[in-house]
Amino acid sequence: MTHGSPTHGAPTYRRSSSPQSDHRRFVGQKTMERRRIVGHQSIFILLLLLLLPSSLHAARIGDLTDTDILEQALRFFSFRDEALRTALLGCILLGLNCGLLGSFVVVRRMSLVGDTLSHAVLPGIALGFLWNMSKDPVVILIGATAAGALAMLTVNAITRTTRLKDDAAMGLVLSSFYAIGICLVTMIQRLPTGQKSGIDKFLFGQAAALTPSEVWVMAGTSLVSLTFLALCYRGLLVLSFHREFGESLGLRMAWMHHALMLLTAFAVVTAMQAVGVVLVSAMLIIPASTAYLLTDRMHRLVIIAAVIGMLSAVLGAFFSFLGNNFPTGPFMVLAGAALFSIAFLFSPRHGWLTRMWRHYSRRRRTERENTLKAMYHVLEDRDFHGEGVSLVDLAQRRRETIEEVTHRAAALKNAHLATLTDDGTILHFTPQGLQKAKAIVRNHRLWELYLTNVMLYESDHVHEDAEKIEHVIGEDQVRQLERRLDFPETDPHGKEIPKISSVSHRS
């Protein structure tokens, strides 16, 4: 993906500025590796969520009340409960922050960084608690950030001094730091006041018990992230897509990278208080991955990811408030996963179902155009004597059975491109169908002539290429070809190129 221009998605045919680029673009199809990676990561997270046990000890906003569902819903949207307002505001802020920063994490293919940070900061959280034996959000934030920074420095040191790749180094640091954190948390719980420390809530999250001071910390980190993105947006674009180019210009790409990682650590630490260590990386990845499927512009991706993050937080808090045994953090992630599933299936450009529909529609259109071309060739072979084409002649021309040709004739009739006689044996062009047939034949023969005269192909090597290009070349490119070839009258095989004044290429 590049800034301002889509580079990934379902293989589609586009109109280019020159016949040469048409030839390169339409004959060879690019892969969708990056979007497939993003989609597989998010689907994997969704499958993990479905395997989570229902007995997680995460705090539930719904625990604050015990009434029926309708009353719960009315009470939620009335925002009368102070605890609800605090929890909801905290969830919205973490969704905003994770969406903003997760956008750059995803486009840089650094999704494992979020998971590494979420596990690596646990020792810092425990040490922050041990510093003054209280759950001070500022001290814990400082300790967790320091642990996250140390983890990233360790990853960099491992990759620089060994032959290990980034993923292996992050996996090593993730497991090691998390093991240290579990040991420290266990030690805290064995203290006389350990069971009341609440430090274990960082493992599963406790959105319902967020305090105003913790929400203020979330607001502060979100404000810092927004300010950083506003001031350094162009630099972050260069970092994400053209880091080597930025370094060649003397830009401080390393500084930009470390600043982004530091803010990501802030976002991870604050989000852990609501969704926990296990799921915090999902809040970084899923909103950004969903936005990645919805747009190809980076500024829109950042905005959409932030909105999806906040919407996931609201939906998760709402269903947690309604339910009796619904933990808030996992439901926030499940809400985001549901939104991702919708985008994965129905995204206007990259959705799986929409891509299938476009492929089906393109195949049907190509079949109609090939049938029209065959009808034109039958009439051309008899010097256009007679107006109709029998299904028998059409079947012979296309080398198909009568049943197959009958099906194609019905498709042309439904598209108002041809009419059938009462006995169903003769096809006649409609005015629109004749124009369409001439356009396809013209495109085919012009492209053959271009390949032989300009690209110096042999005349017996151009037919297959023209069979593909004839369906996708645009009217502007046709005009360019005609001017380039000095408005030719015949193709390389001596056949006449149809002359038409106005053609609507697509039906």
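In case you wondered, yes, glycine gets a Cβ from its N, Cα and C as well.
Features as listed in TrEMBL:
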REGION    1-25  region 'Disordered'
TRANSMEM  82-105  transmembrane segment
TRANSMEM  112-131  transmembrane segment
TRANSMEM  137-158  transmembrane segment
TRANSMEM  170-188  transmembrane segment
TRANSMEM  215-237  transmembrane segment
TRANSMEM  249-268  transmembrane segment
TRANSMEM  274-294  transmembrane segment
TRANSMEM  301-322  transmembrane segment
TRANSMEM  328-346  transmembrane segment
DOMAIN    430-499  domain 'Iron dependent repressor metal binding and dimerisation'
REGION    486-507  region 'Disordered'
COMPBIAS  486-498  compositional bias 'Basic and acidic residues'
(request) Counting only CB pairs under 8 A, let me know which of 137-158, 249-268, 274-294, 301-322 has the most with the transmembrane segment (82-105). (result) 301-322
(message) Can you work out whether the transmembrane segment (274-294) touches the transmembrane segment (112-131), with the criterion being 3+ CB pairs under 8 Å where the paired residues are 6 or more apart along the chain?
(response) yes
(request) With DSSP as the reference, give the number of residues of the domain 'Iron dependent repressor metal binding and dimerisation' (430-499) in helix, strand and coil. (result) 43 helix, 2 strand, 25 coil
(message) Please report, as numbers and ranges, the same-chain residues at least 6 past the borders of the transmembrane segment (301-322) whose CB is under 8 Å from any CB of it.
(response) 60-62, 64-65, 69, 72-73, 75-76, 84, 87-88, 91-92, 94-100, 102-103, 107, 207-208, 229, 283, 286-288, 290-292, 294-295, 328-336, 339
(request) Establish whether the number of Cβ pairs under 8 Å between the transmembrane segment (249-268) and the transmembrane segment (112-131) reaches at least three, counting only pairs separated by 6 or more residues. (result) yes
(message) Within the same chain, where does the transmembrane segment (170-188) have neighbours whose Cβ lies under 8 angstroms from its own Cβ atoms, ignoring anything closer than 6 residues to its ends? I mean 6 or more beyond.
(response) 112-113, 115-116, 119-123, 125-127, 129-130, 147, 151, 154-155, 158, 164, 194, 197, 199-200, 202-203, 277
(message) Six or more residues beyond either end and a Cβ under 8 Å away: which residues meet both conditions relative to the transmembrane segment (112-131)?
(response) 102, 105, 139-148, 150-152, 155, 166-167, 170-171, 173-175, 177-178, 180-182, 184-185, 187-188, 197, 199, 202, 261, 264-265, 268-269, 272, 277-278, 280-281, 284-285
(request) Mind looking up the mean pLDDT for the domain 'Iron dependent repressor metal binding and dimerisation' (430-499) in the predicted model? (result) 91
